[in-house]
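Read through the structure below, which is laid out as structure tokens, and then see the notes.
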Amino acid sequence: MRMPKKGALFFLSVWVAFFMCFFNGVTAAADGGVVLVLSGGGIRGLAHIGVIKALEERNVPVVGIVGTSMGSLVGALASCGYDAPQLEKIIGDIDLTELLYDRTAPSKMAIGERALAEQQTLLRIDMDKSWRVEGPKGAMQGKRLIERFARWTSVCPVNNFDNLPVPFAAVATDLVSGEAVVIRQGDLASAMRASMSIPGLFEPWEMDGRLLVDGGLAANLPVRIAKKIFPNHPIVAVDVTGKGKSKEEIRTVMDVIDQSITVMTRRTVEEDARYADVLITPDVSKVPILSTRGWDEIIERGYIAAADKMPEVLALFGGGGVAKTGRMRPEKPVVESIAIEGMGGEVAKEILESCEDCIGKPLDVSRLQEVCRSLREREGIKEASYVVQRKTSSTAKVIIKVEKEPPYQFVLSGYASNLSPNRQLYGDLFMRDVVYEGDVLYVKTGIGENWGAQVGYLGIIDDESMRFGLDLFALKEEYQPEGLGAYEWKKYGLTVGEYIKTGELRWYLGYKMGEARYEGENHSFHGPSIGIAWDNRDDPIDPEKGTEINVAGWLEDNSMLLGRVEVRSILPLGQSSKVIFRGGAILGDQGRPWFSAYLGAKNELYSRAYHPLKGENAAWAGLTYRKALTESWWGRVYVDLFATGGRVYPEDWEDAREVWETGLAVTLPGKILDGKIFVVYDDEGDWSFGYSLGSPRDYGELVYP
């Protein structure tokens, strides 16, 4: 019997509708439960954890999560299987300042990179190969952020987010078109980072040829997107967006950013909210977008708001929860080939060779995450991620995408103190891939009463253990030691050698030669040089724990040992205080002022910076008790109680002159501003009141690996 034409069309339309629902929705679409939509809102998004906690307590099954910005962070982790207590633990261990600023732990720096690491930066300009300005495109790269994301998400190494314990989608915004971009596959950590790229604060994130920024600009409460991904499921939406600020409440840059986001997203949030089956709005609108305090209270407010709405949520299931159902995981595709985009040379060859054993085997996402992590730790690598391209139903091609640091980079910083004559404005230029891919040519200058310049070259890293280095330096110094007249000289020289890494130790072995001009006469010098460094601090600027040991010396004219030793150790005392030990020694030549030991000249003792003590050798040691006063997204403010003592020795190591000082300081360590205001009382009964910004620097005279 032939089916009537209208009946055939009806049957076909039903079949197409069924087909689209089955294949456009994720495989969990048949399971009973709600889809959770989590909005952006900065730190206010921690309220999402409280909502998840309330849902878990009432056994409300979540069969899908769609998140924007902070909602993508919490949503991605929940999709990986973390429950509310685990999420609270993860959040409790976060150091927001550490994550926001891209500071590499010293032990993970590439060989020789210490010469390139500027801890404080007033201005940075990135340029392409044609010297055209191309950045920075944001205040922060978020390098440490994605490192942490990758670590958290490594428990679920999948490429398709539908295959997570709870299917997930992140929402970002295409910076060029302004369209919402829904990310449902690839590197989960990259998806989280893209969705959280607040314009101006974070640099945009590139994925599949698109520049992506915070998803909140296009869909801060992506309910309609969730309905397309998860059809036929009730939507529980959580809105933690700001409600707007009055003129009096807009006081800081972050207030301006927060208010701007609220203004831009308010209309779409209101439209999306109408499509939610249940809308939960925690009372967090007054919380600053990057608040560092009261996180537990934010989570609790999310819990309270969800508890208030629980009758509406449970009504979606007739008054009770629904048992969770298991989901089948599809087989992983076999890796057909692996390629690298964005870099070549020996490093790319090395990476590909290390991944050869992955070809012909099922996709190992955790292995790809480890490769990307190791690439991010290399000097000159800005970012690394991966893409899996299906070739057939059972095979795939892996592409590791690398974004390198700009070819040219100019950095402006400096050092200033009312108690030191070494005030300088620093201007540095870094040029990468000059001769070989992976090498660096740099020029560092300091302009002031005392000045310095350094031109250096770092070759490529050989098997991650050796690196050639060459430095030309020139400087002018003048000191007025206590009880003596002024000494002024100029030095010009060259150091050449190899940087070496053996386990946790870093070495430098080289040769130094040059000339000092003092009182109209030239004095040449030369000799072998050595540097040794061991550093396990957890942060180069504001460490919470660890020890740093630096030794640099050389055998002047192959007969006299000159050099410097520095030790710094940090012991945490609870969450908000720590004890810092610092000390060291200087081996000099009292008879030649340009090689003498000047105790205080490099801030060993603040009260002696203008009039250091001159001698053959010197040593110092001090203790600081540091207590955190306040904390914000840009850093912490500490109060320091410190005491330091030192000795200056003549040639025979006898009749040492002893000095000491004690004082109180308010300290702000940071990448943009490393500041200190202090009052010091010394052994002569004098009080000194001062400030310092930045740190004094060396210009290649002594090489610290």
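Any Cβ shown, glycine's included, is placed from N, Cα and C.
Keep in mind that what you see is a predicted model, and the values were worked out from it rather than measured.
Noted in TrEMBL for the protein shown:
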ACT_SITE  Ser69  active site, nucleophile
ACT_SITE  Asp214  active site, proton acceptor
DOMAIN    36-227  domain 'PNPLA'
MOTIF     40-45  motif 'GXGXXG'
MOTIF     67-71  motif 'GXSXG'
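Below 8 angstroms of C-beta separation, residues 68-74, 195-196, 198, 214-216, 220, 240-242, 258, 261, 265, 282, 284-285, 287-292, 295, 298 of the same chain, each at least six residues beyond the ends of the motif 'GXGXXG' (40-45), sit close to that stretch. Residue counts for the motif 'GXSXG' (67-71) by DSSP state, with H, G and I taken as helix and E and B as strand, are 2 helix, 2 strand, 1 coil. Secondary structure at Asp214 (active site, proton acceptor), as computed by DSSP, is strand.
Mean predicted confidence for the motif 'GXGXXG' (40-45): the pLDDT average there is 88.
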